[in-house]
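Annotated active site, proton acceptor per Swiss-Prot: 238, in sequence order. As annotated by Swiss-Prot, NADP(+) binding site applies to 49, 91, 92, 146. Here Swiss-Prot flags 176, 180, 214, 233, 338, 343 as substrate binding site, drawing on sequence analysis.
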(Lines of atoms letter the chains of each structure in order from A and count residues from 1; the text may use other names and numbers.)
(Lines give C-alpha, C1' and ligand atoms only; values in the text may rest on other atoms or scores of the structure.)
Protein backbone atom coordinates (compact mmCIF):
# COMPACT_ATOMS: atom_id res chain seq x y z
CA UNK A 1 0.00 0.00 0.00
CA UNK A 2 1.32 3.46 -0.93
CA UNK A 3 1.03 6.07 1.81
CA UNK A 4 1.65 9.61 0.66
CA UNK A 5 2.06 12.63 2.91
CA UNK A 6 -1.27 13.76 4.35
CA UNK A 7 -1.16 17.31 3.00
CA UNK A 8 0.48 19.12 0.13
CA UNK A 9 3.60 20.98 1.25
CA UNK A 10 5.84 23.71 -0.05
CA UNK A 11 9.32 22.48 0.89
CA UNK A 12 11.63 25.51 0.95
CA UNK A 13 15.33 24.58 1.01
CA UNK A 14 17.73 27.26 2.25
CA UNK A 15 21.18 26.24 1.04
CA UNK A 16 19.87 24.59 -2.12
CA UNK A 17 23.33 24.60 -3.73
CA UNK A 18 25.07 23.17 -0.66
CA UNK A 19 26.65 19.82 0.10
CA UNK A 20 23.81 18.53 2.29
CA UNK A 21 21.21 19.26 -0.38
CA UNK A 22 23.21 17.54 -3.12
CA UNK A 23 24.34 14.52 -1.09
CA UNK A 24 21.26 13.83 1.01
CA UNK A 25 18.12 15.89 0.44
CA UNK A 26 17.71 15.65 -3.34
CA UNK A 27 18.52 11.91 -3.54
CA UNK A 28 16.04 11.31 -0.68
CA UNK A 29 13.36 13.34 -2.46
CA UNK A 30 14.01 11.36 -5.65
CA UNK A 31 13.43 8.10 -3.75
CA UNK A 32 10.25 9.45 -2.18
CA UNK A 33 9.07 10.44 -5.65
CA UNK A 34 9.94 6.97 -6.91
CA UNK A 35 7.89 5.31 -4.16
CA UNK A 36 5.00 7.77 -4.72
CA UNK A 37 5.10 9.05 -1.15
CA UNK A 38 5.03 12.76 -1.99
CA UNK A 39 1.64 14.47 -2.23
CA UNK A 40 0.83 15.23 -5.86
CA UNK A 41 0.56 18.98 -5.17
CA UNK A 42 3.74 19.31 -3.09
CA UNK A 43 6.30 21.81 -4.43
CA UNK A 44 10.06 22.16 -3.80
CA UNK A 45 11.34 25.74 -3.65
CA UNK A 46 15.12 25.88 -3.84
CA UNK A 47 16.61 29.14 -2.63
CA UNK A 48 20.07 30.58 -3.11
CA UNK A 49 21.99 33.73 -3.97
CA UNK A 50 22.77 32.66 -7.53
CA UNK A 51 21.02 34.54 -10.31
CA UNK A 52 19.59 31.38 -11.84
CA UNK A 53 16.33 30.45 -13.47
CA UNK A 54 14.48 27.33 -12.38
CA UNK A 55 15.67 25.61 -15.57
CA UNK A 56 19.31 26.50 -14.75
CA UNK A 57 19.02 25.00 -11.28
CA UNK A 58 17.34 21.78 -12.44
CA UNK A 59 19.99 21.24 -15.11
CA UNK A 60 22.84 21.73 -12.62
CA UNK A 61 21.45 19.50 -9.88
CA UNK A 62 20.62 16.55 -12.12
CA UNK A 63 24.32 15.72 -12.42
CA UNK A 64 24.73 16.02 -8.65
CA UNK A 65 21.81 13.70 -7.98
CA UNK A 66 23.31 11.15 -10.39
CA UNK A 67 26.58 11.23 -8.43
CA UNK A 68 25.00 10.56 -5.03
CA UNK A 69 21.95 8.45 -5.82
CA UNK A 70 23.70 5.07 -6.22
CA UNK A 71 21.26 4.08 -8.94
CA UNK A 72 20.42 5.09 -12.48
CA UNK A 73 18.05 8.04 -12.79
CA UNK A 74 14.72 7.08 -14.30
CA UNK A 75 13.68 9.79 -16.77
CA UNK A 76 9.99 9.67 -15.84
CA UNK A 77 10.67 9.86 -12.10
CA UNK A 78 13.09 12.74 -12.65
CA UNK A 79 10.55 14.52 -14.83
CA UNK A 80 7.92 14.23 -12.09
CA UNK A 81 10.34 15.40 -9.38
CA UNK A 82 11.80 18.29 -11.37
CA UNK A 83 8.30 19.52 -12.27
CA UNK A 84 7.84 20.30 -8.57
CA UNK A 85 11.00 22.44 -8.34
CA UNK A 86 11.16 26.25 -8.43
CA UNK A 87 14.29 28.32 -7.86
CA UNK A 88 14.02 31.53 -5.84
CA UNK A 89 16.92 34.00 -5.72
CA UNK A 90 17.34 34.96 -2.04
CA UNK A 91 20.18 36.40 -0.01
CA UNK A 92 19.10 35.42 3.52
CA UNK A 93 20.95 38.43 4.94
CA UNK A 94 18.60 40.72 2.99
CA UNK A 95 15.20 40.71 4.80
CA UNK A 96 13.37 42.21 1.81
CA UNK A 97 14.34 39.19 -0.32
CA UNK A 98 11.95 37.04 1.72
CA UNK A 99 9.04 38.85 0.11
CA UNK A 100 10.11 37.24 -3.19
CA UNK A 101 9.62 33.90 -1.48
CA UNK A 102 6.27 35.05 -0.11
CA UNK A 103 5.06 35.77 -3.63
CA UNK A 104 5.72 32.15 -4.65
CA UNK A 105 4.22 30.68 -1.48
CA UNK A 106 1.02 32.72 -1.78
CA UNK A 107 0.24 30.97 -5.07
CA UNK A 108 -0.84 27.85 -3.14
CA UNK A 109 -2.39 27.08 0.23
CA UNK A 110 0.15 24.38 1.02
CA UNK A 111 1.71 23.73 4.43
CA UNK A 112 5.14 25.37 4.35
CA UNK A 113 8.28 23.50 5.48
CA UNK A 114 11.54 25.46 5.74
CA UNK A 115 14.64 23.25 5.61
CA UNK A 116 17.73 25.12 6.86
CA UNK A 117 20.61 23.31 5.14
CA UNK A 118 22.99 26.13 6.11
CA UNK A 119 25.71 26.81 8.72
CA UNK A 120 24.54 27.74 12.23
CA UNK A 121 25.77 31.33 11.88
CA UNK A 122 23.24 31.90 9.06
CA UNK A 123 20.18 30.67 10.94
CA UNK A 124 19.17 33.86 12.74
CA UNK A 125 19.02 35.79 9.45
CA UNK A 126 16.54 33.19 8.19
CA UNK A 127 14.44 33.40 11.36
CA UNK A 128 14.31 37.21 11.14
CA UNK A 129 13.55 37.21 7.41
CA UNK A 130 10.69 34.74 7.76
CA UNK A 131 9.30 36.60 10.75
CA UNK A 132 9.41 40.02 9.07
CA UNK A 133 7.64 38.62 6.02
CA UNK A 134 5.03 36.92 8.26
CA UNK A 135 5.95 33.52 6.89
CA UNK A 136 6.25 31.87 10.30
CA UNK A 137 2.63 31.25 11.28
CA UNK A 138 1.22 27.85 12.24
CA UNK A 139 1.07 25.30 10.60
CA UNK A 140 4.42 26.13 8.94
CA UNK A 141 7.39 24.02 10.07
CA UNK A 142 11.12 24.67 10.23
CA UNK A 143 13.91 22.09 10.12
CA UNK A 144 17.32 22.55 11.77
CA UNK A 145 20.33 20.26 11.39
CA UNK A 146 22.31 19.11 14.41
CA UNK A 147 24.73 19.91 15.88
CA UNK A 148 23.12 23.22 16.84
CA UNK A 149 25.92 25.56 17.85
CA UNK A 150 29.35 24.57 19.15
CA UNK A 151 28.63 24.63 22.91
CA UNK A 152 25.79 25.06 25.40
CA UNK A 153 25.94 28.86 25.17
CA UNK A 154 25.69 29.01 21.36
CA UNK A 155 23.04 26.28 21.29
CA UNK A 156 20.89 28.22 23.77
CA UNK A 157 21.37 31.35 21.69
CA UNK A 158 20.06 29.64 18.54
CA UNK A 159 17.12 28.15 20.42
CA UNK A 160 16.30 31.54 21.96
CA UNK A 161 16.47 33.17 18.52
CA UNK A 162 14.16 30.69 16.83
CA UNK A 163 11.68 30.72 19.73
CA UNK A 164 10.96 34.39 18.98
CA UNK A 165 9.37 33.36 15.68
CA UNK A 166 8.39 29.67 15.93
CA UNK A 167 6.67 27.48 18.52
CA UNK A 168 8.42 24.32 19.74
CA UNK A 169 5.71 22.29 17.97
CA UNK A 170 6.84 23.84 14.65
CA UNK A 171 10.56 23.03 15.09
CA UNK A 172 12.10 19.80 13.75
CA UNK A 173 15.70 19.33 14.90
CA UNK A 174 17.32 16.60 12.84
CA UNK A 175 19.82 14.00 13.95
CA UNK A 176 19.88 11.74 10.89
CA UNK A 177 20.83 8.71 13.02
CA UNK A 178 17.25 8.74 14.29
CA UNK A 179 16.08 8.02 10.75
CA UNK A 180 18.20 4.89 10.38
CA UNK A 181 16.23 1.64 10.33
CA UNK A 182 18.75 -0.09 12.57
CA UNK A 183 18.54 2.65 15.22
CA UNK A 184 14.74 2.59 15.19
CA UNK A 185 14.86 -1.16 15.65
CA UNK A 186 16.46 -0.63 19.06
CA UNK A 187 13.08 0.55 20.35
CA UNK A 188 11.38 -2.62 19.11
CA UNK A 189 14.20 -4.85 20.32
CA UNK A 190 14.09 -3.41 23.84
CA UNK A 191 10.39 -2.89 24.40
CA UNK A 192 8.73 -5.79 22.55
CA UNK A 193 10.87 -8.71 23.74
CA UNK A 194 10.19 -10.00 27.25
CA UNK A 195 13.53 -11.80 27.56
CA UNK A 196 15.39 -8.51 27.02
CA UNK A 197 12.97 -6.15 28.75
CA UNK A 198 13.31 -7.89 32.13
CA UNK A 199 17.07 -8.38 31.85
CA UNK A 200 18.03 -4.92 30.59
CA UNK A 201 19.58 -3.55 33.78
CA UNK A 202 22.52 -3.63 36.16
CA UNK A 203 21.46 -6.95 37.66
CA UNK A 204 22.29 -8.91 34.51
CA UNK A 205 24.43 -6.61 32.31
CA UNK A 206 28.15 -6.22 33.01
CA UNK A 207 28.97 -3.44 30.53
CA UNK A 208 28.07 -2.13 27.07
CA UNK A 209 30.32 -1.03 24.20
CA UNK A 210 29.23 1.34 21.43
CA UNK A 211 31.50 1.75 18.40
CA UNK A 212 30.98 4.04 15.40
CA UNK A 213 34.04 3.57 13.20
CA UNK A 214 34.74 5.46 9.97
CA UNK A 215 37.29 4.74 7.25
CA UNK A 216 36.98 8.21 5.72
CA UNK A 217 38.89 11.29 6.82
CA UNK A 218 37.37 14.76 6.97
CA UNK A 219 36.48 14.81 3.24
CA UNK A 220 37.53 18.40 2.46
CA UNK A 221 35.57 19.78 5.42
CA UNK A 222 38.60 21.21 7.23
CA UNK A 223 37.07 24.48 8.43
CA UNK A 224 33.93 22.81 9.76
CA UNK A 225 35.58 19.77 11.30
CA UNK A 226 38.50 21.62 12.88
CA UNK A 227 35.98 23.81 14.69
CA UNK A 228 33.94 20.82 15.88
CA UNK A 229 36.20 17.80 16.32
CA UNK A 230 35.00 14.22 16.76
CA UNK A 231 33.53 14.89 20.20
CA UNK A 232 31.10 17.56 19.00
CA UNK A 233 30.55 16.11 15.53
CA UNK A 234 29.91 12.48 16.52
CA UNK A 235 29.64 11.94 20.29
CA UNK A 236 27.39 14.89 21.09
CA UNK A 237 25.55 14.43 17.84
CA UNK A 238 25.07 10.68 17.36
CA UNK A 239 26.58 8.42 20.02
CA UNK A 240 24.63 10.06 22.83
CA UNK A 241 21.46 9.37 20.83
CA UNK A 242 22.35 5.67 20.69
CA UNK A 243 23.17 5.70 24.41
CA UNK A 244 19.86 7.29 25.39
CA UNK A 245 17.81 4.86 23.29
CA UNK A 246 19.71 1.93 24.84
CA UNK A 247 19.19 3.08 28.42
CA UNK A 248 15.93 5.06 28.58
CA UNK A 249 12.95 3.79 30.56
CA UNK A 250 9.97 2.58 28.58
CA UNK A 251 7.99 5.70 27.61
CA UNK A 252 4.28 5.97 28.38
CA UNK A 253 3.57 5.83 24.65
CA UNK A 254 5.40 6.40 21.35
CA UNK A 255 4.58 10.11 21.14
CA UNK A 256 7.46 12.54 20.65
CA UNK A 257 6.85 14.08 24.09
CA UNK A 258 7.06 10.75 25.94
CA UNK A 259 10.16 9.54 24.10
CA UNK A 260 11.99 12.86 24.45
CA UNK A 261 11.12 13.04 28.16
CA UNK A 262 12.78 9.68 28.85
CA UNK A 263 15.86 10.53 26.79
CA UNK A 264 16.35 13.82 28.64
CA UNK A 265 16.21 11.93 31.97
CA UNK A 266 19.13 9.76 30.82
CA UNK A 267 21.23 12.71 29.66
CA UNK A 268 20.72 14.43 33.01
CA UNK A 269 21.81 11.27 34.84
CA UNK A 270 25.25 11.07 33.16
CA UNK A 271 28.03 11.34 35.73
CA UNK A 272 30.17 14.43 35.04
CA UNK A 273 33.59 14.22 33.42
CA UNK A 274 35.86 17.17 34.16
CA UNK A 275 39.44 18.21 34.87
CA UNK A 276 39.57 15.87 37.90
CA UNK A 277 38.83 12.62 36.04
CA UNK A 278 39.42 13.50 32.38
CA UNK A 279 42.47 11.24 31.96
CA UNK A 280 40.75 8.24 33.57
CA UNK A 281 37.57 8.57 31.57
CA UNK A 282 38.59 9.72 28.08
CA UNK A 283 41.11 9.18 25.30
CA UNK A 284 41.40 11.40 22.26
CA UNK A 285 43.51 10.93 19.17
CA UNK A 286 44.41 12.38 15.80
CA UNK A 287 45.16 10.32 12.70
CA UNK A 288 48.57 10.17 11.02
CA UNK A 289 49.16 9.06 7.46
CA UNK A 290 48.70 5.39 6.69
CA UNK A 291 47.07 2.88 4.35
CA UNK A 292 43.34 2.15 4.03
CA UNK A 293 42.02 -0.30 1.44
CA UNK A 294 45.54 -0.53 -0.05
CA UNK A 295 45.60 3.22 -0.65
CA UNK A 296 47.92 5.71 1.04
CA UNK A 297 46.06 8.44 2.91
CA UNK A 298 47.40 11.69 4.42
CA UNK A 299 47.50 12.67 8.08
CA UNK A 300 44.94 15.08 9.51
CA UNK A 301 47.55 17.84 9.47
CA UNK A 302 48.23 17.17 5.76
CA UNK A 303 44.60 17.53 4.66
CA UNK A 304 43.61 20.35 2.29
CA UNK A 305 43.59 23.69 4.11
CA UNK A 306 45.04 22.22 7.30
CA UNK A 307 46.46 24.22 10.18
CA UNK A 308 49.68 22.35 10.95
CA UNK A 309 49.38 23.12 14.67
CA UNK A 310 45.82 21.89 15.13
CA UNK A 311 45.03 19.93 18.29
CA UNK A 312 41.56 18.89 17.10
CA UNK A 313 40.70 15.27 17.85
CA UNK A 314 39.62 12.82 15.15
CA UNK A 315 39.15 9.95 17.62
CA UNK A 316 37.39 9.72 20.98
CA UNK A 317 37.06 6.86 23.44
CA UNK A 318 35.14 7.56 26.61
CA UNK A 319 33.89 5.70 29.67
CA UNK A 320 30.39 6.83 30.60
CA UNK A 321 28.63 6.12 33.90
CA UNK A 322 24.96 6.71 34.67
CA UNK A 323 23.70 7.74 38.07
CA UNK A 324 20.32 6.03 38.25
CA UNK A 325 18.80 2.93 39.79
CA UNK A 326 18.69 0.87 36.61
CA UNK A 327 22.24 1.47 35.35
CA UNK A 328 24.39 2.37 38.35
CA UNK A 329 27.58 0.28 38.24
CA UNK A 330 27.34 -0.53 34.50
CA UNK A 331 30.03 1.28 32.48
CA UNK A 332 29.37 2.27 28.88
CA UNK A 333 32.44 2.44 26.64
CA UNK A 334 31.99 4.66 23.59
CA UNK A 335 34.49 5.05 20.76
CA UNK A 336 34.38 6.76 17.41
CA UNK A 337 37.04 7.89 14.99
CA UNK A 338 38.01 8.67 11.44
CA UNK A 339 40.51 6.77 9.28
CA UNK A 340 40.04 3.60 11.32
CA UNK A 341 40.52 0.03 10.12
CA UNK A 342 36.92 -0.62 9.03
CA UNK A 343 33.66 1.26 8.60
CA UNK A 344 31.04 -0.14 10.95
CA UNK A 345 28.68 0.76 13.79
CA UNK A 346 27.94 -1.76 16.51
CA UNK A 347 26.59 -2.18 20.03
CA UNK A 348 27.86 -5.06 22.16
CA UNK A 349 26.03 -5.90 25.38
CA UNK A 350 28.15 -8.02 27.76
CA UNK A 351 26.07 -9.96 30.28
CA UNK A 352 27.42 -10.81 33.72
CA UNK A 353 29.13 -14.15 34.24
CA UNK A 354 27.50 -16.78 36.42
CA UNK A 355 28.81 -16.71 39.99
CA UNK A 356 29.23 -20.52 40.01
CA UNK A 357 30.58 -22.90 37.37
CA UNK A 358 28.86 -26.28 37.25
CA UNK A 359 31.25 -27.50 34.53
CA UNK A 360 34.57 -26.42 36.05
CA UNK A 361 36.23 -29.84 35.68
CA UNK A 362 36.81 -29.22 31.95
CA UNK A 363 36.06 -25.51 31.77
CA UNK A 364 38.05 -23.27 34.08
CA UNK A 365 35.91 -20.31 33.07
CA UNK A 366 32.56 -20.05 31.33
CA UNK A 367 32.31 -17.80 28.31
CA UNK A 368 30.51 -14.50 28.70
CA UNK A 369 27.14 -14.15 26.97
CA UNK A 370 27.00 -11.24 24.53
CA UNK A 371 24.32 -9.59 22.43
CA UNK A 372 25.89 -8.01 19.34
CA UNK A 373 23.72 -5.46 17.55
CA UNK A 374 25.29 -4.59 14.20
CA UNK A 375 23.88 -1.26 13.02
CA UNK A 376 25.86 -0.98 9.78
CA UNK A 377 26.89 -2.29 7.36
CA UNK A 378 24.57 -5.30 6.98
CA UNK A 379 22.44 -4.83 10.12
CA UNK A 380 22.22 -7.98 12.19
CA UNK A 381 21.58 -9.28 15.69
CA UNK A 382 23.87 -11.99 17.07
CA UNK A 383 23.65 -13.75 20.43
CA UNK A 384 26.81 -15.35 21.83
CA UNK A 385 26.02 -18.28 24.15
CA UNK A 386 27.49 -21.55 25.44
CA UNK A 387 26.61 -25.11 24.41
CA UNK A 388 27.96 -28.61 25.02
CA UNK A 389 30.65 -29.66 22.58
CA UNK A 390 29.57 -32.81 20.69
CA UNK A 391 31.24 -36.08 21.65
CA UNK A 392 31.06 -39.26 23.78
CA UNK A 393 32.91 -37.84 26.77
CA UNK A 394 31.03 -38.13 30.03
CA UNK A 395 32.19 -34.73 31.22
CA UNK A 396 30.73 -31.60 29.69
CA UNK A 397 33.07 -29.63 27.48
CA UNK A 398 31.50 -26.21 26.94
CA UNK A 399 32.09 -24.24 23.76
CA UNK A 400 30.92 -20.95 22.32
CA UNK A 401 28.13 -20.76 19.76
CA UNK A 402 26.30 -17.96 17.99
CA UNK A 403 22.68 -17.44 17.10
CA UNK A 404 22.43 -15.09 14.12
CA UNK A 405 19.31 -13.39 12.86
CA UNK A 406 19.93 -14.08 9.17
CA UNK A 407 16.29 -13.37 8.31
CA UNK A 408 16.59 -9.97 10.00
CA UNK A 409 19.68 -9.15 7.94
CA UNK A 410 17.99 -10.16 4.66
CA UNK A 411 14.91 -8.06 5.39
CA UNK A 412 16.98 -5.00 6.19
CA UNK A 413 19.12 -5.24 3.08
CA UNK A 414 16.01 -5.68 0.92
CA UNK A 415 13.74 -3.06 2.50
CA UNK A 416 16.26 -0.54 3.79
CA UNK A 417 15.09 3.08 3.72
CA UNK A 418 17.56 5.95 3.69
CA UNK A 419 17.56 8.02 6.89
CA UNK A 420 16.83 11.30 5.11
CA UNK A 421 14.11 9.67 3.05
CA UNK A 422 12.33 8.65 6.25
CA UNK A 423 12.93 11.97 8.03
CA UNK A 424 11.72 14.11 5.12
CA UNK A 425 8.61 11.95 4.92
CA UNK A 426 7.95 12.44 8.64
CA UNK A 427 8.53 16.20 8.37
CA UNK A 428 6.02 16.52 5.55
CA UNK A 429 3.55 14.48 7.62
CA UNK A 430 4.21 16.70 10.64
CA UNK A 431 5.28 13.85 12.95
CA UNK A 432 7.96 14.85 15.51
CA UNK A 433 8.72 11.52 17.23
CA UNK A 434 12.03 11.03 15.34
CA UNK A 435 13.34 14.49 16.15
CA UNK A 436 15.18 16.10 19.05
CA UNK A 437 13.75 18.65 21.46
CA UNK A 438 15.49 21.70 22.93
CA UNK A 439 15.92 20.16 26.40
CA UNK A 440 17.62 17.11 24.88
CA UNK A 441 20.16 19.14 22.92
CA UNK A 442 20.98 21.41 25.84
CA UNK A 443 21.34 18.51 28.29
CA UNK A 444 23.84 16.90 25.89
CA UNK A 445 25.88 20.11 25.58
CA UNK A 446 25.81 20.60 29.35
CA UNK A 447 27.55 17.23 29.74
CA UNK A 448 29.93 17.65 26.78
CA UNK A 449 31.20 21.19 27.53
CA UNK A 450 33.19 20.31 30.71
CA UNK A 451 34.97 17.53 28.80
CA UNK A 452 36.06 19.93 26.05
CA UNK A 453 37.11 22.47 28.71
CA UNK A 454 39.13 19.83 30.59
CA UNK A 455 40.94 18.76 27.43
CA UNK A 456 41.94 22.32 26.66
CA UNK A 457 43.17 22.97 30.19
CA UNK A 458 44.91 19.69 31.03
CA UNK A 459 48.71 19.53 31.14
CA UNK A 460 49.06 17.08 28.26
CA UNK A 461 46.38 18.49 25.99
CA UNK A 462 47.68 17.18 22.65
CA UNK A 463 45.69 14.29 21.13
CA UNK A 464 47.54 10.99 20.86
CA UNK A 465 48.58 10.13 17.33
CA UNK A 466 47.42 6.94 15.65
CA UNK A 467 48.19 5.51 12.23
CA UNK A 468 45.40 5.57 9.66
CA UNK A 469 44.02 2.08 9.11
CA UNK A 470 44.36 1.03 12.77
CA UNK A 471 41.88 1.04 15.67
CA UNK A 472 43.04 4.32 17.16
CA UNK A 473 45.55 5.29 19.86
CA UNK A 474 46.91 2.61 22.21
CA UNK A 475 45.45 4.32 25.25
CA UNK A 476 42.01 3.42 23.92
CA UNK A 477 42.81 -0.20 24.80
CA UNK A 478 44.17 0.85 28.19
CA UNK A 479 40.89 2.61 29.00
CA UNK A 480 39.23 -0.82 29.14
CA UNK A 481 42.30 -2.72 30.36
CA UNK A 482 42.22 -0.74 33.61
CA UNK A 483 38.83 -2.37 34.24
CA UNK A 484 39.98 -5.83 33.11
CA UNK A 485 38.13 -5.59 29.80
CA UNK A 486 38.95 -5.40 26.07
CA UNK A 487 37.21 -3.95 23.03
CA UNK A 488 35.10 -6.49 21.18
CA UNK A 489 36.91 -7.37 17.96
CA UNK A 490 35.34 -6.48 14.63
CA UNK A 491 34.26 -9.59 12.71
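Backbone N, Cα and C define each Cβ position, glycine as well.
Keep in mind that this is a model prediction, so the values were computed, not measured.
You'll find the Cα of residue 49 (NADP(+) binding site) roughly 27 Å from the Cα of residue 176 (substrate binding site). Within the group of binding-site residues (91, 214, 233), the Cβ with the highest number of other Cβ atoms inside 10 Å belongs to 233.
Fewest other C-beta atoms within 10 Å: among the recorded positions 49, 146, 176, 180, 238, that description fits 49. Taken over all pairs of the listed NADP(+)-binding residues (49, 91, 92, 146), the Cα spread reaches a maximum of 23 Å, rounded to the nearest whole number. Here the candidates are the binding-site residues 214, 233, 343. The one whose C-alpha lies nearest to that of residue 91 (NADP(+) binding site) is 233. Here the binding-site residues are 338, 343, and the one ringed by the most other CB atoms within 10 angstroms is 338.
The secondary structure of residue 146 (NADP(+) binding site), as reduced to three states from DSSP, is coil rather than helix or strand.
Contacts of residue 92 (NADP(+) binding site) defined by a Cβ separation under 8 A and a same-chain sequence distance of 6+ are given as 14, 47, 118, 122, 125, 126, 129, in order along the sequence.
Between the CA atoms of the residue listed as 'active site, proton acceptor' and residue 176 (substrate binding site) there is a gap of 8 Å, rounded to the nearest whole number. Under the DSSP three-state reduction, residue 238 (active site, proton acceptor) is assigned to helix. In the three-state DSSP scheme, residue 49 (NADP(+) binding site) falls into the coil class. Cα spacing between residue 338 (substrate binding site) and residue 146 (NADP(+) binding site): 19 Å, rounded to the nearest whole number.
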